Amino acid sequence: MSAADARTRAEFPPAHYWRRWATDAQPAEAPGAEAPDPLAELPALVASRRAEDSDSKADAPYRVLIVEDDPSQALFAESVINGAGMQALVAGAPGEVITSLEQFQPDLVLMDLHMPGMDGVELTGLIRAHAELGRVPIVFLTGDPDPERQFEVLDVGADDFLNKPVRPRHLVLTVQNRVRRARALQGAAKPAERHPATGLHTRPQMLQLLSGAIAGTRDGGLFFLEVEGTSALRDRYGYAALESVLTDAGRHIGTLAGGHPASRLNDNTFLVFATDVSGTQDLAAFARALRDGLGREPFAAGSQTVRLRGLVGYASLSHGFNDAGSALASAEQALRSARTTPIGIAEWQPATQPDIREDVGLADMVREAVDGHGFELAFQPIVAVAGGEEAQYQTLARMRDRDGRLYTAAEFLPAADAAGLLHEIDHRVLSLAIDTMQRRRGEGRGLRLFVTQSARSLTRDGYAAELLSLLAARGIEGSSLVIDVRQEDALIHALSLQEFCSAMVPAGVQLCLSQYRPDAEARALLAQLPLGYVRLSARYSSGLDDGQVRDEMREAIEQAHRLGLQVIGQQVEDPQAAATLWMSGVDFIQGNLVQRAAGGLDFDFQHSVL
């Protein structure tokens, strides 16, 4: 090629250069002097759009997030978008999407359908689950001719799709029309901040308000108000009458709140954020006013009137909560305590720290392990009683000190909890588990891991989004991860866990309720949370000689199965216990009878026989 040809190629792109990424593209040829400028249409297009939109020059430029792993196609889309007077940002990997979404705050996402690790359909599900930016318009670029695939794109939440190759004018017009429509809808009809019947804040609006107000403040308090006896009211008057009573109660609670933000969290639980009430006596007086004010008011239930008893649990913000999730969990814990008190009111108090002078050395070792690489995982297989080839393990945290001694979780977690390091350990264990799944995926072998996490960590602000971003960055499918939460923890943080689960379900991440023992609260919990698994309490494996224990276990298994949950029998040490669990209907067996916990993932699921 001559120097003149080189200059021609450098200064003038090939004719219809944008089609070079199409499947039917022809080989590029050197343009002649008469070759038209392939971008000649863009200046005219931009000029026409500017003239058409001259009355809205004050509007900010449209921001478009381009999700495309192919650098050449990303460059094409970026050049067209920028050339039309808009701002474009490219996210070249699935793991960058959520972070880019939060930082760039785009008006529209231009999404490629086929990408390695996590395709556009899965990413759309993550975006739609985002608390603040879940409504951003999403337009797909796809060369897939399958109409079913296109229907799937629209069904998962996309607003439109464009078939590759796409002309620049078509791309620009589609983006601008979608953004203008979205901005018009935002300006004309903002999301309702108040419930039309009660006048209370909607739940999303209330949670958003708390997220921006709790951190760092020490004034005010959070009050959970629960209407007691709703099951009896439903049985006597019916669902419609009960809902009418609770709607009227919500309206009255809004009056009792006296201008403080209030919201209905679920069927019979309300939340009041008292922003200017402080001091122990004032907070207690406000709690009594809520309880007594609800109890004095008669409510119509059909042709009769009823009075309601309220239970109040509250947390003073003077404790200095770091985020809204921690404050909500504390108030929820106080509400649970209020159910057992004669007066129906309880205030949250920080747990008294045990005397850990003897454990100071262990706490220091935990800090050292958190700062370094002192944590590792052991794995114990979870085997299907009906047989199966799917590899799945329970992860068990281990800590190794500088001398090489290995500590089990039961040995170091109490000291870690007392030292305030539980969240850091949860995060490290979760990262190790996801790294393990990534390595197995690179080897072409599937793996599902059950990873234990504390409810306090799961309900922290931003933890759910961070978990999903971590999965996306590693290219791990959500169905490969099961979050394991102890029943005792879940009961205390039930309402907060619902928010976590609402973010996990669209991504395919499941939840397992561990150490399950059936009682009234636990049975209600099974219906409240979108669980996938239940792990029975270890007492059912060790106490099977007791007929009452066996009957209780069968009841627990039957109830879980009625709700579509799979049941795991744990700590199975002998064949007799395994046989009894099997005949009682468990779906999976876990314990030393199957294999002791170890650092490897070498159990033969294909040929295992129980």
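Quick reminder: no glycine exception, Cβ is built from N, Cα and C everywhere.
TrEMBL lists 63-179 with the feature domain 'Response regulatory'.
Annotation for Asp112 (4-aspartylphosphate): spatial neighbours Val67, Glu68, Asp69, Asp70, Gln73, Gly120, Phe140, Leu141, Thr142, criterion Cβ-Cβ under 8 Å with sequence separation of six or more. In the three-state DSSP reading, Asp112 (4-aspartylphosphate) counts as strand. Residues annotated as 4-aspartylphosphate in TrEMBL: Asp112.
Look at TrEMBL and you will find 218-353 tagged as domain 'GGDEF'.
The feature domain 'EAL' is assigned by TrEMBL to 359-610.
In the predicted structure, the domain 'EAL' (359-610) carries a mean pLDDT of 88. Note on the domain 'Response regulatory' (63-179): DSSP counts are 54 helix, 24 strand, 39 coil.
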